[in-house]
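K.L.:
Dumping the structure here so I can ask a few things about it.
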Amino acid sequence: MEGFGLPMSFGKKAKAASSTFKSKVESSKRSEPAPPPPVISKSSESQEPGPSKLPAGPAKQEEDDDDIGPLPPTTSEVGAGTGAKRKADKEADEDGSDDESEYSDEEEIDRTPVTHEIVLKDHTKVLSALAIDPSGARVATGSHDYDTKIWDFGGMDSRLRPFKSFEANGNYHVHDLSYSHDGHKLLVISGTLQPKVYTKDGEEGVEYNKGDVYLRDMKNTNGHTAEINGGSFHPTDKTQFLTCSNDSTLRIWDVENKRKQKQVIVVRSKERGARTKVTSCAWSWDGKMIAGACFDGTLHIWNTSSNFARPNYSNENAHTKNTETTGIAFARDGFRVVTRGGDDTVKLWDIRSIRKPVAVATGLDNLYPETNIIFSPDERSILTGIAAPKGQKGALVFLNSEDLKEERRITVGDGSVVRVAWHSRINQIFASLSTGALHVLYNPHSSIRGALLPLSKMPKTAPRDPSFSSADLKPVIYTPDALPMFKDQGHRESLHQKEKKAKKMKPMEPVRGAGRGGRLGASEMQGFVQTLFPSELQFEDPREALLKYAEKTDKDEEDE
């Protein structure tokens with residue numbers, strides 16, 4: 001009936017919900033979108049830039065940088081070249097006004113991915129570790145519930161569930177995760193002494209060695225002797241990764257050698273015992289520098305071409321002593337470094353004059369030792385999460401990368417924002433929360449793949465007409481074998497299948513003639529059985545049998 005366009009029922013019907021991809025995207029729109037940043041127009045050139053816009057400058061330069069695609073033809077090009085070119089230029093000149101209006105509309109769109117979101121919720125405790133593979137197709141998450149989960153956007157359905165979940169190191173919190181630059185390896189850092197490297201599918205990989213806790217000199221140990229706090233793969237070399245630990249060392253490992261680290265960096269502290277905890281570490285974008293922040297408030301930076309005996313750049317009062325500096329990030333220029341302190345501050349440094357920070361932002365609450373900090377893909381903004389008391393909502397903060405002034409604050413879910421990542425290829429922001437949820441923020445106008453892939457696989461939401469169902473066409477039979485007419489007609493068996501089935505039900509026949517295959521023949525078997533059991537069974541009274549032996553005993557005594 002429905003195929004012929006006829007009504008399936010009478011009366012008022014429920015309005016069918018739209019099941020198009022556009023409606024699904026609209027359903028994921030944030031209820032309280034953040035206000036867009038100030039837009040740079042041609043008339044006002046002195047407005048402050050937003051995190052996704054260019055700084056104020058000449059209007060011509062703004063047009064060149066903001067416009068996407070080829071520019072509309074200019075009047076100087078009209079009339080130049082051959083007749084065909086003149087005709088094409090004339091048509092383009094006629095549509096010039098339409099093109100300008102289109103480009104002006106594009107300039108007004110905020111391309112920062114914060115307008116829509118999807119929520120990936122499978123962890124039960126703080127989501128403390130986050131890693132995205134270089135292609136943006138997979139996300140790895142770790143939590144205080146001891147589980148590491150891998151999510152695949154391309155294979156995810158409407159349930160938004162991970163395809164792999166495993167415990168990396170038993171009942172230990174997961175502190176950090178990192179993908180190799182080719183995306184084939186996953187580094188898992190838990191609260192143990194040994195880092196682990198898994199395959200991209202989460203299969204068991206290599207567990208690296210731990211050091212001898214009885215050795216005093218950390219350079220002579222073949223691994224860490226205390227809990228590991230963080231780690232990351234080399235940005236360009238898939239065979240190396242870096243770890244930092246509470247044993248006052250940073251170690252560079254070779255993926256192929258699990259028995260011993262490749263290089264040891266010992267951090268000397270002015271505190272008692274000359275040791276401290278290295279709470280966070282990071283590579284520079286080109287892998288030529290390593291930074292480490294310590295529990296005593298110091299910040300050290302080494303060149304990888306040096307012998308690591310002493311840091312090349314150091315600040316002993318970078319953050320408050322006895323607080324954990326939870327995050328470090330390098331800018332692509334190789335000079336700027338930003339740190340996230342446990343003293344609720346964010347500081348921007350220039351390694352050429354590292355004795356004093358370039359800018360300081362205060363009042364940014366930090367409760368978790370895994371809270372990180374990142375640069376935006378265009379490096380005009382710095383992103384970090386803000387902690388919130390239980391029951392309240394945390395926030396994601398955008399800071400200006402020049403003076404650390406707050407540009408935007410976005411409320412994300414319930415709980416504190418711990419980890420933040422912004423993938424440049426798919427243009428999506430990932431924010432992990434203390435509730436175990438992962439919020440994926442995107443913009444349908446500027447983001448690609450990622451969170452948009454599972455949205456295209458969402459089930460249709462059109463309501464079903466209750467007056468029409470498959471039960472009306474084919475009634476359900478609850479006693480199918482009650483009558484022969486209701487029995488299911490199975491496929492007909494061939495003669496060979498029937499013989500094969502009959503052979504399975506037939507008992508094994510005795511061997512005739514001489515035995516073979518370890519079995520006795522019929523003639524030999526018959527004689528063997530007769531020796532075991534007499535042919536005629538004699539039934540005898542047990543009392544008479546006992547009295548017979550008694551009479552024999554009395555006779556023997558008389559003879560004696």
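Note that Cβ sites are derived from N, Cα and C of the backbone, with glycine treated the same way.
Please treat TrEMBL annotations as automatic predictions, because they have not gone through curation.
What TrEMBL records for 1-114, 490-521 is region 'Disordered'. Positions annotated as compositional bias 'Basic and acidic residues' by TrEMBL: 23-32. Per TrEMBL, the feature compositional bias 'Acidic residues' maps to 91-109. Feature annotation from TrEMBL assigns repeat 'WD' to 120-152, 221-263, 271-306, 318-353.
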K.L.:
Can you break down the repeat 'WD' (318-353) into helix, strand and coil residue counts using DSSP?
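P.N.:
Across the repeat 'WD' (318-353), DSSP assigns the residues as follows: 3 helix, 15 strand, 18 coil.
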K.L.:
Find the member of 120-152, 271-306, 318-353 that has more C-beta pairs under 8 Å to the repeat 'WD' (221-263) than any other listed stretch.
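P.N.:
Maximum Cβ contact count belongs to 271-306.
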K.L.:
Using a Cβ-Cβ cut-off of under 8 Å, list the residues of the same chain that are 6+ residues beyond the ends of the repeat 'WD' (271-306) and lie near it.
P.N.:
226, 229-232, 234-237, 242-250, 265, 312-332, 334, 337, 339, 349, 351, 354, 369
K.L.:
Count the residues of the compositional bias 'Basic and acidic residues' (23-32) that DSSP assigns to helix (H, G, I), to strand (E, B) and to coil, and report the three numbers in that order.
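P.N.:
DSSP composition of the compositional bias 'Basic and acidic residues' (23-32): 5 helix, 1 strand, 4 coil.
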K.L.:
Count up the helix, strand and coil residues in the repeat 'WD' (271-306) according to DSSP, in that order.
P.N.:
0 helix, 17 strand, 19 coil
K.L.:
Roughly where does the repeat 'WD' (221-263) sit in mean pLDDT, to the nearest integer?
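P.N.:
Its mean pLDDT is 94.
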